[in-house]
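Chemist: Take a look at what Swiss-Prot says about it:
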- ASP318: active site, proton acceptor (ACT_SITE)
- ARG130, THR174, SER189, GLY190, GLY191, TRP258, ARG345, TRP494, TRP558: pyrroloquinoline quinone binding site (BINDING)
- GLU192, ASN276, ASP318, ASP320: La(3+) binding site (BINDING)
- CYS124-CYS125: disulfide bond (DISULFID)
- CYS197-CYS256: disulfide bond (DISULFID)
- CYS408-CYS437: disulfide bond (DISULFID)
- 1-21: signal peptide (SIGNAL)
Amino acid sequence: MRAVHLLALGAGLAAASPALANESVLKGVANPAEQVLQTVDYANTRYSKLDQINASNVKNLQVAWTFSTGVLRGHEGSPLVVGNIMYVHTPFPNIVYALDLDQGAKIVWKYEPKQDPSVIPVMCCDTVNRGLAYADGAILLHQADTTLVSLDAKSGKVNWSVKNGDPSKGETNTATVLPVKDKVIVGISGGEFGVQCHVTAYDLKSGKKVWRGYSIGPDDQLIVDPEKTTSLGKPIGKDSSLKTWEGDQWKTGGGCTWGWFSYDPKLDLMYYGSGNPSTWNPKQRPGDNKWSMTIWARNPDTGMAKWVYQMTPHDEWDFDGINEMILTDQKFDGKDRPLLTHFDRNGFGYTLDRATGEVLVAEKFDPVVNWATKVDLDKGSKTYGRPLVVSKYSTEQNGEDVNSKGICPAALGTKDQQPAAFSPKTGLFYVPTNHVCMDYEPFRVTYTPGQPYVGATLSMYPAPGSHGGMGNFIAWDNLQGKIKWSNPEQFSAWGGALATAGDVVFYGTLEGFLKAVDSKTGKELYKFKTPSGIIGNVMTYEHKGKQHVAVLSGVGGWAGIGLAAGLTDPNAGLGAVGGYAALSSYTNLGGQLTVFSLPNN
């Protein structure tokens, strides 16, 4: 069996590295009865050591209790559990509930921010929020209007709040946050509004801004060292971003940071991805558009970037690079390596050395991916590290006002933000995917602050010549770059996965099923239809010696935007309304937490 180790899961790491991470987070991460981060641990593995529910008995799961959030539209993320309190969040208006598990989920406190509803039409792809984080006795929430709030975990009282962006300029938030040491790290949304996007660190106790690093712009705004920050093993050089944009286009260049963050306490580096360049019309922005579509490794104290890797230079398809970075220590080619595995929207599964940024593996995790033949990993090649684009599917080469047809994947990617999971018992990654292709027609657009800056019309449909569905749930070998097994889904698998020590992997489906599969074989062991489509992430916790599994249901997100927002034009929702029109025959709006456990006997 391959030697595989997890980061930030055990108490031993906390003891070994007391100065390199937040002690309260490490304590919570080391206790599988709780969940203090949306990602389960700093390494983003979404793996639980709980094994009371296992492959033999998961078929006996029953609904233990439910809770209505009182809010409709897309429910992403998951609850947190700290001690006997469960913390539940909602999409806009981002209500937070504290539920006492010792008292039948009694509401202990409720926080309901007063946000201007004008932020709703500025949010891309539904009014979702990917959840809370816990650190140092505080619940951290990044609201839709970009207000970052620290709440007292016991009372719900506001400790402090700070505004991270300006919705009138198109800046909003849908993401969770990452507490690291004495800081909290947050991103920003707005790539469809021409926002120059960034990552920001705030002081955990006061909310004071410590540093801000942009994805695009001059070196001082990027927080890079032209001689020490590297890409593919070489210094990036002076003005590495500016040289790849025409004139001042970088000022409206996007590269937003609305995905997930991970952190390696040993290397003292945080990892995340930057999103698409603005506009979606590639003809309007010549050049590689650095550093959009990029994996970043930064020091959390200073923001200084150690290395960057751009996955999709001069993006022509909206293949946002924001998906999670999963950190593992594994043997690669016989040597122990600190690895980073990333399943990108562009359809390639990447394995990198997270210390150096070296790309070790880049393979398609859906065989229908056709926009590029491969990623060139020949270090002697002029195109080293770049995808080799197929001309037929190049919206740049085909030109403005030309409909490029049959591009796979669609803009929402082979996987969007819905997070994968990793099991150290199998050494496999469990990935909820989209099996969707598109037609893409770019057109010229003018930038106006606070107005959509998209410049493309899309239509989406199931991948042709396949099983007819729009998704798969797969197991992936990140060392070989191969699919080990694949389960077809009727719609995109839009719920985040959870792997457990009980040899069970959980995930949710757009039509509302919670599913449990065998981690080794993929065999379906259990499913239950919840009241609405699942785009949330499955979580597990232990209360009074009993393991529970919980998931939020509430259809929405990009794939479910037609239902969530009541849209009927097939081209609306950037093409998703037509692509997922059949979803309305299987589910409807909702907002519910469903909690499962085994029978008492």
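Note: Cβ is positioned from N, Cα and C throughout, glycine not excepted.
Please go over these features one by one and say how buried each is and what sits next to it.
Modeler: Of all Cβ atoms in the shown protein chains, 27 besides its own fall within 10 Å of the Cβ of ASP318 (active site, proton acceptor).
A simple way to gauge crowding: the CB of GLY191 (pyrroloquinoline quinone binding site) has 30 other CB atoms within 10 angstroms, across all the protein chains here.
DSSP classifies GLU192 (La(3+) binding site) as helix under the three-state reduction.
Look at CYS125 (disulfide bond): DSSP puts it in coil.
Around the Cβ of CYS197 (disulfide bond), the same chain contributes GLY187, ILE188, SER189, GLY190, GLY191, TYR214, SER215, ILE216, GLY254, GLY255, CYS256, THR257, SER274, GLY275, each under 8 angstroms and 6 or more positions distant in sequence.
When secondary structure is read from DSSP and collapsed to three states, CYS437 (disulfide bond) falls in the strand class.
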Chemist: DSSP secondary structure for CYS256 (disulfide bond), reduced to helix/strand/coil, please.
Modeler: coil
Chemist: Return the member of ARG130, ASP320, ARG345, TRP558 nearest to CYS124 (disulfide bond) in space, with distance defined Cα to Cα and candidates limited to these binding-site residues.
Modeler: TRP558
Chemist: Looking only at ARG130, THR174, SER189, GLY190, GLY191, TRP258, ARG345, TRP494, TRP558, which the record lists for pyrroloquinoline quinone, tell me the maximum pairwise CA distance in angstrom.
Modeler: 21
Chemist: So how many other Cβ atoms are close to ARG345 (pyrroloquinoline quinone binding site), meaning within 10 Å of its Cβ?
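Modeler: If we count other Cβ atoms within 10 Å of ARG345 (pyrroloquinoline quinone binding site), we arrive at 30.
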Chemist: What does the structure give for the C-alpha distance between ASP320 (La(3+) binding site) and ARG345 (pyrroloquinoline quinone binding site)? Integer Å is fine.
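Modeler: So the alpha carbons of ASP320 (La(3+) binding site) and ARG345 (pyrroloquinoline quinone binding site) sit roughly 6 Å from each other.
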Chemist: Given the recorded positions CYS125, ARG130, CYS408, CYS437, TRP558, which lie within 10 A of ASN276 (La(3+) binding site) by CA-CA distance?
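Modeler: Within 10 Å Cα-Cα: none.
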Chemist: Just to confirm: which same-chain residues, 6+ apart in sequence, have a Cβ under 8 Å from the Cβ of ARG130 (pyrroloquinoline quinone binding site)?
Modeler: GLN38, GLU76, GLY77, THR174, ALA175, THR176, TRP260, GLN417
Chemist: Of all the disulfide-bonded residues given, CYS256, CYS437, which has the fewest Cβ neighbours within 10 Å once its own Cβ is left out?
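Modeler: Fewest other Cβ atoms within 10 Å, among the disulfide-bonded residues CYS256, CYS437, is found for CYS437.
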